[in-house]
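The feature compositional bias 'Low complexity' is assigned by Swiss-Prot to 824-839. Per Swiss-Prot, the feature domain 'LDL-receptor class A 5' maps to 199-238; the stated evidence is sequence analysis. Look at Swiss-Prot and you will find ASN170, ASN551, ASN805, ASN840 tagged as N-linked glycosylation site. Sequence annotations record features per position, and here Swiss-Prot assigns region 'Clustered O-linked oligosaccharides' to 773-831. The topological domain 'Extracellular' annotation in Swiss-Prot covers 29-858 and rests on sequence analysis. The topological domain 'Cytoplasmic' annotation in Swiss-Prot covers 882-996.
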Amino acid sequence: MGRPELGALRPLALLLLLLLQLQHLSAADPLPGGQGPVKECEEDQFRCRNERCIPLVWRCDEDNDCSDNSDEDDCPKRTCADSDFTCDNGHCIPERWKCDGEEECPDGSDESKATCSSEECPAEKLSCGPTSHKCVPASWRCDGEKDCEGGADEAGCPTLCAPHEFQCSNRSCLASVFVCDGDDDCGDGSDERGCSDPACPPREFRCGGGGTCIPERWVCDRQFDCEDRSDEAAELCGRAGQGTTATPAACAPTAQFTCRSGECIHLGWRCDGDRDCKDKSDEADCSPGPCRENEFQCGDGTCVLAIKRCNQERDCPDGSDEAGCLQESTCEGPRRFQCKSGECVDGGKVCDDQRDCRDWSDEPQKVCGLNECLHNNGGCSHICTDLKIGFECTCPAGFQLLDQKTCGDIDECQDPDACSQICVNYKGYFKCECHPGYEMDTLTKNCKAVAGKSPSLIFTNRHEVRRIDLVKRDYSRLIPMLKNVVALDVEVATNRIYWCDLSYRKIYSAHMDKASIPDEQVVLIDEQLHSPEGLAVDWVHKHIYWTDSGNKTISVATTDGRRRCTLFSRELSEPRAIAVDPLRGFMYWSDWGFQAKIEKAGLNGADRQTLVSDNIEWPNGITLDLLSQRLYWVDSKLHQLSSIDFNGGNRKMLIFSTDFLSHPFGVAVFEDKVFWTDLENEAIFSANRLNGLEIAILAENLNNPHDIVIFHELKQPKAADACDLSAQPNGGCEYLCLPAPQISSHSPKYTCACPDTMWLGPDMKRCYRAPQSTSTTTLASAMTRTVPATTRAPGTTIHDPTYQNHSTETPSQTAAAPHSVNVPRAPSTSPSTPSPATSNHSQHYGNEGSQMGSTVTAAVIGVIVPIVVIALLCMSGYLIWRNWKRKNTKSMNFDNPVYRKTTEEEEEDELHIGRTAQIGHVYPAAISNYDRPLWAEPCLGETRDLEDPAPALKELFVLPGEPRSQLHQLPKNPLSELPVVKCKRVALSLEDDGLP
């Protein structure tokens, strides 16, 4: 058989090439419509059979995430752990989630009747009844909140008050001392009904109009204690014609406005449309003026923020902010359709074979009637919904669209207020849990305390401190007969309370059970206090911190008041509230000065930084939620209650209200409630701290309620004192051992500090007297803090008898030491920390195990020896130079014949010719205010000698910036006062040496 011809094979070859090309095109475009190449998934994704990509962690989780169940193929059978509950469909959930009121099993078997009916409540819990199968802590019984669905935990609760209490008409209990005291403490007036005006006890004075009784020592003390100011009446105090004799605190006339009620506010708040004074005197006699640039003027002349214009809320009293607003037409929603030509038609008119849009865009022939979801679910990862025109991808609850087709999990825990305390994110949902000591209320989903006694709310009411039991609703007086108490705090472990009295300018402490007894009230701090308005207790390290708006300082002391020092005295204008976090070593404070702000620093004064400086006007009270790590504050000017995290981020305005936040002052947080005092409303309010809702009044008709705290052991968690963990007592510190901020794992645990009149030594542990400068007063003042000097603090040893107590106010009264030692000060470790003049505590972080081998003798020798060596070297150099100058200097005396003929009795100059490379002598520069320069004038006659040239020398070498003494006046030429050598009277005859 012969070979086929080449021409006969060509058709076969072309056919083969055509088949190969078709196969290639089919492989490149496997899906109809040409949807592109095969989709590749990321490394952390799983590729389904239908080419979808899902997170790899969704593989074998018993959920059909691929929609074709390919992610659950060939998966091993799961076995739940002993600590888990096995759902009927095989899912595993934590055992604590069983019968908690929420269905975590996909089939709901964890909350089924068969599962929960067999459960019995433990002894420490209360059953909500046979039908609910729910258990609640026994401490929640009769706490005023319904925790069971049917309210079984609040059923049958006794309503009778204790024998020493008064039951109000609203069924609340009140201490008998509040009955017939002139204040409506019940809230319904039942405690003041049928009351006569009883006489005041001995040594007390009744205010006018049947008012309250005050101690007689408060009468005519130049401070208003009665609401009607009758205790300072001119006729009573014997100062007729002078009006009231009380003198309110002086306000800065150039920067502040004095309210008639005595407060000081910023001068710019006068006539700004907002009532800032308690008596509203800052808005009295104000002419209507234009609003600010960021404000809108209402029809009645009032001003509101411009952003509130046309917000569909009535902000102006006359509603003019919503007048004339154009409502934008939207074409959104399933029942509306946006035409390409711009019209908006009803969704039911789409694909009805009738033209409703001008461009026929509602009747596309190729799309109407086409169901895209039938092919590959429209490309949607979860839910595909067919529309009349096109389709839409949606996601189940807990998921969100990432790229219009793929669903991804929503991390609900990104919201800091998603849960009461702990938020755990899961695929498609999240779970809330509670910290130890708390338990979830399945009805409200809030964490409630189960450990410790019932929480109490303690607040100052100017003349007394009161307490409200938040569970039993008992209302009692804790400390009576106080002068003007503003700030307070508590130490739960020792059951002590601390408070500041502005009138007496003292800080007190007392045991809670004996605080009403004057003899049990201990004075902790009574010196160098002006206006202590903020107070905080470090319950771990046993310290108290306070702000002083008069001295512009923040200070710290031990809880017994024996050791104290000033941490900050710079860049403070009006410091007010202060709060501490001993667990992390930080403190926080508010400053309502001209540049209002909230700041943060370490408990040792290091790492100072500003957290809030914008959109803040009058920050008063601040408080910390240590569990959620958030800071809450109230702004009396903006009428807001806001919060941030401990680093200043995630800012959130919780409440804005001119009614409930008219003039807030103090704020406190516990569980899911936030509490605050209001001076204008004279009441205490509470609200939900997560959403700002559920606003309620706890107490009203008060007299200047200021600070407020919560007394409960969970508010002050126990922790180890770093200073006690050291091998040496008090961390090796001679005076104060202060905790350092825990910024990282390498942060030191503590640093040492000294009293204001002493400095930290080279070993960073011992304290020394500040060396007295002998040069000028200005130099000494620049190196010391600005607070007045005090006597030696108790417990401090003076190691060098030559050191003197240093005072920046009267430095000339203390004799300088013969050999003063300049102890080097520790530099600041943070750029945000004030200059060294603001603090005398250590900023160097030594190891805890370092030895105290460095002594005062070593420190003195280490400073004096180099000075002596330098002085000897300088003296030796001077003697060598003087000897060399004498050897290299020759003198020549000669007579001028011409001059001799005329004036033979004139003195001749003595010329010194030196063999030096320099011509003449350079005089030191002198600081002078004279117009003409100072020159060394030649000797032209007799000159007088100065007995003591020191005064003139001192005036010539005054340091820059130092004031000149007025006792010694400079002459016209200061150099003429320097000691000079008299010109010698000589008579020389020149012999003829052959000169021409």
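Glycine is treated like the rest: Cβ placed from N, Cα and C.
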For the glycosylation sites listed here (ASN170, ASN551), tell me which residue's CB has the most neighbouring CB atoms inside 10 Å. ASN551
Mean pLDDT for the topological domain 'Cytoplasmic' (882-996), rounded to an integer? 44
Tally of DSSP helical, extended and coil residues in the domain 'LDL-receptor class A 5' (199-238): 10 helix, 6 strand, 24 coil
If I take the alpha carbons of ASN551 (N-linked glycosylation site) and ASN170 (N-linked glycosylation site), what is the distance between them in whole Å? 46
Three-class DSSP assignment, ASN170 (N-linked glycosylation site), comes back as coil
